[in-house]
Amino acid sequence: MEPAKATEQIDMAALFRAPAARAMKSLDKSLFFKVLPTSAALVSQNTLLSRYRKALEKSEELIQVEKFSPIAPHPDPEAAKAGKKCLVLKPSVDPASPETWSSVLRKGSEDGELEIIPYKADFDYTYWRYLDIMKSILPEELHDEIPSGFNTAGHVAHLNLREQYLPYKEVIGQIIIDKNPAVKTVINKIDDVGTANEFRTFNYEVLAGPDDLVVEVTEADCVFKFDYSKVYWNSKLSNEHQRLIDIFKPGEVVADVMAGIGPFAVPAGKKGVFVWANDKNPESFKYLETAIARNKVSEFVRPFNHDGHSFIRDAADSVLEASKRKEHAVIKPPKPSRKAPPPKSPPKTSSSPCPQPSPTSS
């Protein structure tokens, strides 16, 4: 007779919940060590592990939770050193009460293939996810809107914390770094973008990690390096940049009035679109020039450091004048596919107006 399902009314989520550490303002990882008293099935031979794992999954006695392997080293150090293993069972299986065992465990025990023993599963800070840790720290009334989304630029995570979470800001920052290997620095914005700065940069405070905001980002197969604190960058606009790039055809001329460091202009240039890329921010202009050179699109992308109003007034006339002067750049034909038959005649190059920046454009 199988054990009644009523005996298994154990809240597994509660058992694997991170220990409560309410109102922690300075991260103490040692408080997240937890021991779960449960049971395990020792196998007489490791070759039996796979068969019994499947059988115990079917009988719903094996612990199956995220990030936890039910196959563990033998609790005896000498046996573990010899490679012996066991299967970790749910706490509802009582080693001293065979009536709580399924027929799988009883038969395995009778055949000498399994031994059901008490077992302690250890968990520490590294086991739990960011939200698990935050729920154990924050008061329950703050659980509904735990800060979890953030913009990233290279190794920097950029938060915009609400007032009620500010007392926990350093802890939040450190946990984000611990749980996101690519993040090395976490910052929090301390004013509204655009309210006092015409270049849409922002004041910030470092919550965790070094105060190093010089980042490197790859977008649309182009590499950009810049100081995140001195230019405007929004990783959420990447799809919009790509949508616009897809619209334009090689050889066309496009004027980008507020180009920033070039997340639209540089990939467009790589496609063979000629871009007049302008930004009033001297820092953006500097990093735009760097991106143009690094991504080898100087033939297609021309940087300007003008006021947007004057750039709009002058751009179309400048393109027309350049066309009248027959200024152009060579557009190389696309490389033929290796699988395609060789062309009957050499592929032709074409040209397109390529206006030059005026001497006062930088």
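A Cβ is built for glycine as well, from the same backbone N, Cα and C atoms used for every other residue.
Annotated features in TrEMBL:
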DOMAIN    150-362  domain 'SAM-dependent methyltransferase TRM5/TYW2-type'
BINDING   His241, Asp307, Gly308  S-adenosyl-L-methionine binding site
REGION    323-362  region 'Disordered'
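On the structure: features taken from TrEMBL.
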residue	record	contacts (Cβ under 8 Å, 6+ apart)
His241	S-adenosyl-L-methionine binding site	Glu219, Ala220, Pro263, Phe264, Pro267
Asp307	S-adenosyl-L-methionine binding site	Lys280
Gly308	S-adenosyl-L-methionine binding site	Val257, Met258, Asn278, Lys280
Mean pLDDT across the domain 'SAM-dependent methyltransferase TRM5/TYW2-type' (150-362), rounded to an integer, is what? 86
Could you tell me the maximum Cα-Cα distance in Å between the residues recorded as binding S-adenosyl-L-methionine, namely His241, Asp307, Gly308, rounded to a whole number? 22
According to DSSP, does Asp307 (S-adenosyl-L-methionine binding site) fall in a helix, a strand, or coil? coil
